[in-house]
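Under the heading repeat 'WD', TrEMBL lists 34-77, 77-124, 125-168, 199-225, 226-274, 275-325.
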Amino acid sequence: MTNIYLLLLFNDYQVTTVFMLDIFHSSSKLLKEFNRHTDSVYSIDYSIFDDCQFICSGSSDHKVYVWNLENSGLIQSFKHSDWVYCVKFSPYHYRTRGCNVICSSSFDNTIRFWDIKNNQQLQIFNKHTDSVYSIKLSQFNGGRYLCSGSGDETIRLWDVKTSKSLHVFNGHTSSVWSVDFSPLQSNNKSNSIGVVGGSGYTICSGSFDTTIRIWDIETAKQVVVFKGHENALKSVLYGSNEIGNIGGANTILSGSDDKSIRLWDIRSGQQIQIFKGHTHYVYAVEYSPFTVDSCEVGGSGVICSGSLDGTIRFWDIRSNKSELHIFEGKNGEIYCLKFLKCKKKEQKRKIYCNRYCINLCYGSRDGSICIWG
């Protein structure tokens with residue numbers, strides 16, 4: 001595991017794993033490449049089911065693919081009638097029914113749930129009147145709730161259990177390309193939104209109207225509007241409660257067609273940082289698991305962005321300096337990113353242990369999916 005640095009906390013009798021960016025950058029190589037898609041890959045997700053690791057992908061070739069990460073085998077495929085913009089594994093179906101399910105959204109205006117094992121469609125959400133660009137399943141309540149952003153300029157909140165549309169959020173004046181749920185609240189024991197709301201959870205959305213908006217789930221009202229980007233938003237993402245050194249869930253990260261990445265403070269409603277260096281649209285942003293300082297525990301301080309300029313760039317959010325590292329994508333334009341915290345398997349026993357490694361997965365315009373680590 002060349003990309004891991006181990007730091008011992010003797011006073012707590014624990015070993016904390018710290019992932020060093022410099023080590024990953026210098027030692028990583030192409031591990032796997034998947035080439036079944038015939039057009040741009042817009043979305044990737046990762047999950048572990050029954051001790052096996054999988055990724056799923058969605059593409060403008062209308063296909064959703066499911067892959068076994070260990071042997072690179074294609075497990076299953078599903079098809080929309082138009083471009084697929086977003087794919088997610090459904091934790092709710094696995095938790096409540098023990099079945100492995102993928103959720104996908106498409107230019108055909110629908111959100112569909114697919115049973116991987118039985119190769120069949122389970123549910124369809126079809127209330128949107130235009131393309132569904134983004135979907136996100138809730139971390140709270142076991143993934144029971146889904147939010148979606150659409151070309152019809154709305155965000156919808158859905159109950160996966162009942163297949164009902166619970167709320168419609170209106171306010172954007174152009175297509176909504178990206179949505180996200182606020183993270184789990186450590187002080188909320190139930191982490192449930194009850195019937196509809198009431199636990200302080202929110203949704204953020206990024207739109208072609210150049211704004212980022214935050215919505216209260218319970219009241220369906222707009223709470224905050226962030227203005228500053230000069231072109232369409234392509235990616236918005238809440239921080240995590242685990243990222244303590246950057247304000248955790250009080251931050252939103254965004255990427256835009258104005259070629260910039262920006263960090264926003266929810267409490268003040270202000271922009272914290274702006275990162276410039278990409279020469280084309282920024283389609284994907286992620287909070288990375290890496291750190292630049294081996295003494296840091298509890299937060300990484302490093303963000304990552306993918307662009308149509310064909311590069312993946314790493315940035316230190318505490319600094320106004322230029323990017324930490326530039327990673328040249330193998331196959332040109334980058335549409336999506338995903339960090340995979342992969343379990344290491346003991347070769348003799350063929351079982352997974354509690355050791356992890358970090359791999360970087362991205363999708364490109366030529367339909368390829370590459371994994372580096």
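Here, residue 1 is simply the first one shown, and the rest follow in order.
Positions of Cβ are set from backbone N, Cα and C atoms, glycine also.
Unlike curated entries, TrEMBL annotations are predicted automatically.
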Residue list, the repeat 'WD' (125-168) vs rest of chain: Cβ under 8 Å, 6 or more residues beyond ends.
82-83, 85-86, 88, 90-93, 95-96, 103-113, 174-181, 183-185, 188, 191-193, 196, 199, 201, 203, 205-207, 215, 217, 220
In the repeat 'WD' (125-168), how many residues does DSSP assign to helix, to strand and to coil?
4 helix, 24 strand, 16 coil
So how many of the residues in the repeat 'WD' (77-124) end up helix, strand or coil by DSSP?
7 helix, 25 strand, 16 coil
Within the predicted model, mean pLDDT of the repeat 'WD' (34-77):
94
Six or more residues beyond either end and a Cβ under 8 Å away: which residues meet both conditions relative to the repeat 'WD' (199-225)?
138, 140, 147, 149, 153, 155, 157, 167-169, 171-182, 185, 188, 190-193, 231-236, 238, 252, 254, 256, 264, 266, 269
